Amino acid sequence: MKQIKHLLLFSSLLIFLSGCSALPVLDPKGPVADAQKDLIVWSISLMLIVVAVVFGLFAFIITKYRERPGHDSHEPDEMEGNKWLEIIWTVIPIIIVILLAVPTVKTIYELEEAPESSKDKEPLIIHATSANWKWFFSYPEQEIETVNYLHIPEDRPILFKLSSADSMAALWIPRLGGQEYNMAGMLTEIYLQADEPGVYQGRNANFTGEGFTKQQFKVYAESPEKFQNWVNKTQNEAPALTQNKYDELLLPGHVPRQTYSSTHLQWVNHAKNAEYAIKARERQGYNPEEAESH
Amino acid sequence: MSHDEAIDPNQPLEFQTEKSRLNILGFWIFLGAEIALFGTLFATYFVLTGRLADGPGPSELFELRGVLIETFILLTSSFTCGIAIHEMRRGSRKGLMIWFILTMLLGLGFLYFEIEEFIHYIHEGASLQTSAFWSAFFTLLGTHGAHVSLGIGWMTMILIQLARNGLNSTTARKAFIISLYWHFLDVVWIFIFTGVYLLGMVM
Amino acid sequence: MQLDEFFVTGDPLIYGADVSIILSLIGIIFVLTKYKKWKWLWNEWLTTVDHKKLGVMYIISAVLMLFRGGVDAMLMRAQLTLPNNEFLDSSHYNEIFTTHGTIMIIFMAMPFLIGLMNVVVPLQIGARDVAYPFLNAVSFWTFFMGAMLFNISFIIGGSPSAGWTSYVPMAGNELSPGPGQNYYLLGLQVAGIGTLLTGINFLVTILKMRAPGMTLMRMPMFTWSSAITCVLIIFAFPVLTVALALMTLDRIFGAHFFTLMDGGMPMLWANLFWIWGHPEVYIVILPAFGIFSEVISTFSRKNLFGYKAMVYSMVVIALLSFIVWVHHFFTMGADASVNSFFSLTTMAIAIPTGVKIFNWLLTLYKGRIKINTAMLWSLAFIPNFVIGGVTGVMLAMAAADYQYHNTYFLVAHFHYVLISGTVYACFAGLYYWYPKVFGHKLNETLGKISFWIFVIGFNVCFFPMYFLGFAGMPRRVHTYAEDTGWFELNAVASVGGVLMAIGFVIIVYNIYYSIRYAERVKTGDPWDGRTLEWSTPAPVPYYNFAKIPDVHGLDPYWQIKKEGKQELDIEEERLEQIHMPDNSGVPVIMSVLLFIAGFGLVFEWMWMAIAATIGVIVTMIMRSFDPDEGHHVEVEEIKEIERNVRRKED
């Protein structure tokens with residue numbers, strides 16, 4: 001029977017919820033993802049009640065009133081409707097919606113700001129810029145830039161300033177929190193934070209064409225000391241990023257991880273200049289039409 | 001029922017058959033869709049206002065004189081179109097046709113000034129390709145202008161039919177529907193005049 | 001342009017498709033010529049303005065498109081079954097999911113439902129045709145030619161690959177040059193004309209052509225849902241028309257609406273697209289609600305519980321559908337207040353929808369529930385749609401949506417609502433109204449087998465995708481690494497996909513089987529129906545009703561039967577001649593010209609586009625001069641037709 005199958009599926013959902021390390025969204029490693037997980041679990045529980053009620057009624061009604069020997073001759077009475085019943089099942093969904101809406105709105109506003117737990121700490125600012133099909137992470141205060149990976153200190157809010165050189169992308173690190181779009185000529189912001197050291201998978205979640213699948217990066221969350229060491233080392237050892245090199249990197253395609261001791265923000269902020277990448281490609285004689293037809 | 005041509009003589013000529021009544025109602029609903037269409041174009045235009053790239057701005061190029069002439073011509077054409085329908089109600093085919101021809105001529109006059117205005121802008125370096133703002137401007141105005149051109153062509157067809165078949169419930173219905181269309185374009189123009197030109201000149 | 005750029009080359013799958021297309025074309029031409037059917041095809045089908053025949057053509061086209069979209073789906077499942085699979089490369093995969101989404105929504109779901117509306121609505125309201133039969137033919141042919149234009153992209157020029165949402169700047173000329181995206185724009189534009197005309201046509205039909213006594217609040221629920229759908233179409237489709245036109249101007253004429261260069265605003269596209277796109281979702285779900293209401297009521301042998309609440313809830317859903325579009329991009333960085341507002345409006349939709357679910361349950365309650373294939377599809381809808389609905393509420397919570405957005409959780413959600421809502425309804429409607437049109441039922445055994453295989457397959461395919469979402473799998477990735485842990489769930493989903501394909505094949509086979517072997521139904525009322533369409537003989541005479549019935553309440557035919565009145569007996573002496581519209585070849589010619597104009601624009605061959613557009617204008621002028629007075633069916637002919645169909649019933 002279908003109902004039994006659904007029951008099984010939903011009990012498997014419960015099992016999943018209890019041990020969900022395989023599900024990054026439900027296994028948060030930071031306060032942002034944590035708040036979102038709380039919201040998700042709360043909504044799942046409420047929704048399971050709704051599902052249980054409807055499935056129960058449904059199973060009861062179709063077993064009891066199915067046409068079968070002994071229940072196949074009478075003519076059912078017509079029912080026009082019932083004011084009280086209809087009021088009840090209008091009011092109950094309203095209550096459920098309110099129960100969901102209040103924490104939702106609360107969380108939406110919370111996520112606009114740095115997490116409560118680390119309010120006293122100065123957020124680290126990182127510009128995350130997407131270009132087909134790679135990620136640039138610029139640390140303006142530290143004057144360093146990385147490609148396709150980044151280091152962050154734990155227990156400190158990170159303020160990501162997002163933009164894109166071309167296609168609309170979305171920065172997503174599931175274990176640290178939900179995504180936000182990167183758009184050319186636009187600045188969007190998102191706070192994320194890691195509560196424990198570790199390597200987290202990050203990626204572009206918004207389709208950007210041919211190289212979208214591989215537009216991924218790794219996040220290395222580490223203690224503040226280790227992070228500072230990495231910053232110092234990068235500042236001292238990595239080469240500076242030149243505009244020529246940067247323009248070359250902007251050509252569509254994949255590039256390996258890279259590290260620089262200066263940022264591209266000195267000559268372009270894509271949040272304010274949507275045209276830069278197209279012009280840079282033109283300067284280098286790149287022709288999208290030829291690229292298209294291989 | 002449906003496609004009966006039962007004549008109801010108590011109604012105005014254009015409403016006398018069931019088919020006419022259906023077509024006129026359908027056209028009103030079509031105008032509802034047209035409102036959604038122009039509404040979207042207006043919204044686009046306002047969203048893209050100020051996105052000039054390196055091109056000129058509206059206040060540099062808009063000239064009140066030409067726009068006032070266009071507005072005056074188009075408003076007058078709506079008036080003549082109204083008289084045409086009035087003549088039709090009186091049963092005067094000749095009156096209807098004369099006022100329709102006048103309406104068409106005014107429509108052509110409007111198009112003449114509008115095209116001249118466009119050519120002037122393009123000459124000054126503001127075309128569809130210049131910037132987001134001018135793309136939106138030319139698309140909004142161009143859509144309206146294309147509607148006017150279509151209306152003129154359509155009115156020509158109806159005039160030919162009036163000349164050939166005389167004034168009957170079919171031609172009356174067609175004349176009535178094009179008059180609705182023509183008035184609608186006038187209303188759209190009033191929004192263009194205030195929303196695009198007047199606002200553009202102050203900004 | 002080189003020939004090898006014009007035709008898509010180098011892919012064995014596409015060569016296979018080329019060959020099968022050419023073979024089936026040759027086959028069709030051969031059969032038509034051999035059996036001298038060209039004239040029949042032209043007179044009976046290509047030029048018809050009969051709403052029933054147009055409806056049948058809509059449904060056949062929709063089933064073909066379901067096949068095409070389904071093949072796309074199977075290719076995607078094949079690619080995703082194993083990690084690091086290299087069956088399809090990313091550009092090929094991107095084309096496939098783009099055409100899958102576009103075809104399923106625009107060229108499958110909508111035409112299937114519009115086809116059912118065509119067949120059923122005039123019959124349900126006691127009318128002899130729609131308000132504008134000629135326009136109805138224009139609607140069908142523009143849809144059909146739009147669909148063909150979109151579909152040839154995969155053998156000529158290359159398919160669009162920017163997703164069915166076609167977000168810019170990726171879909172713009174700067175990043176996706178070439179004909180692919182142009183096909184999307186022009187194919188949808190041509191088909192959109194037809195949809196808008198359908199909206200106007202059916203709204204006027206429903207408002208003005210109801211049988212005497214059928215007040216608005218006595219209309220069958222499917223008619224109500226169609227009327228509300230029409231209103232949505234009328235106000236939503238112009239937005240799509242504009243959005244597509246603006247992107248066309250960008251791509252072909254160098255405008256700057258959505259470009260990166262010269263001040264264009266990519267976000268504007270997302271807004272316009274979803275201002276149309278969200279109502280569009282309800283355009284394909286409201287008629288489905290209508291179908292389920294009819295089927296559930298008929299086979300419970302009870303009237304619909306809470307009729308008024310059902311109507312009002314649809315009105316509320318339709319109104320809300322215009323103020324929720326931002327929930328498709330909560331992650332675009334809008335203010336907390338904006339996201340909160342759109343979260344609330346979206347969640348609010350759960351309230352009228354919940355009301356509907358309970359009303360359906362109460363319609364079943366204390367009924368005498370007859371389980372047949374049409375009813376099975378309608379019953380399965382309730383639990384499956386509830387799953388889709390509650391996950392929709394979860395997605396509406398903006399703060400949580402940051403985690404769901406762009407993932408398989410979303411993919412699972414919209415397949416749960418669109419398949420268990422729209423597709424189940426299409427199948428329920430197909431089984432339910434099929435005998436009305438063709439005079440025989442579809443086989444029940446095959447029907448039930450296909451139902452169970454499809455529904456089990458559907459749940460096996462899409463339920464795991466919710467977990468893939470939690471596992472962090474984004475939609476539209478063409479492959480994944482082994483260490484992601486996504487393999488098992490993907491493999492399960494693929495098994496479900498195969499089951500759905502088998503279910504679909506059995507449904508199609510059932511049509512063939514039933515045409516060959518099914519018994520003719522004895523009456524026009526094989527299900528003991530409640531609404532007026534069942535009062536007509538099956539198959540329905542082309543003028544529908546020899547005599548227009550009088551309506552005295554809800555479920556008029558049920559009332560007539562219960563009162564034992566043979567009201568619909570034809571009193572021959574009281575028959576009058578019937579006025580019917582004439583066939584016309586203009587719609588199909590006009591649509592072919594629109595196809596050519598669109599094709600010219602796709603490749604930026606302006607001479608072709610301009611010539612064909614002039615041709616379209618000429619057909620419109622021809623139409624304007626066509627007196628189109630229709631013809632009369634004489635009383636003798638009606639008598640004879642009616643005697644024939646009634647004799648069969650005895």
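In case you wondered, yes, glycine gets a Cβ from its N, Cα and C as well.
When the ranges C:208-226, C:607-625 are checked against TrEMBL, the one recorded as transmembrane segment is C:607-625. Comparison of C:54-76, C:342-362, C:374-400 by number of C-beta pairs under 8 angstroms to the transmembrane segment (C:273-297) places C:374-400 first.
On the 0 to 100 pLDDT scale, the domain 'Cytochrome oxidase subunit I profile' (C:36-552) averages 96 in this prediction. The transmembrane segment (C:412-434) shares the most Cβ pairs under 8 Å with C:374-400, out of the stretches C:54-76, C:133-156, C:183-207, C:374-400, C:607-625. Panel annotation: around the transmembrane segment (C:607-625), residues 134, 584, 586, 589-590, 593-594, 596-601 of the same chain, lying at least six beyond its termini, place a Cβ under 8 Å from a Cβ of the stretch.
Distant neighbours of the transmembrane segment (C:54-76): 13, 45, 48, 88, 93, 96-97, 99-100, 103-104, 107-109, 111-112, 114-120, 136-137, 139-140, 143-144, 147, 151, 426, 430, 437, 497-498, 500-501, 504, 508; these residues of the same chain sit at least 6 beyond its ends, with a Cβ under 8 Å from one of its Cβ atoms.
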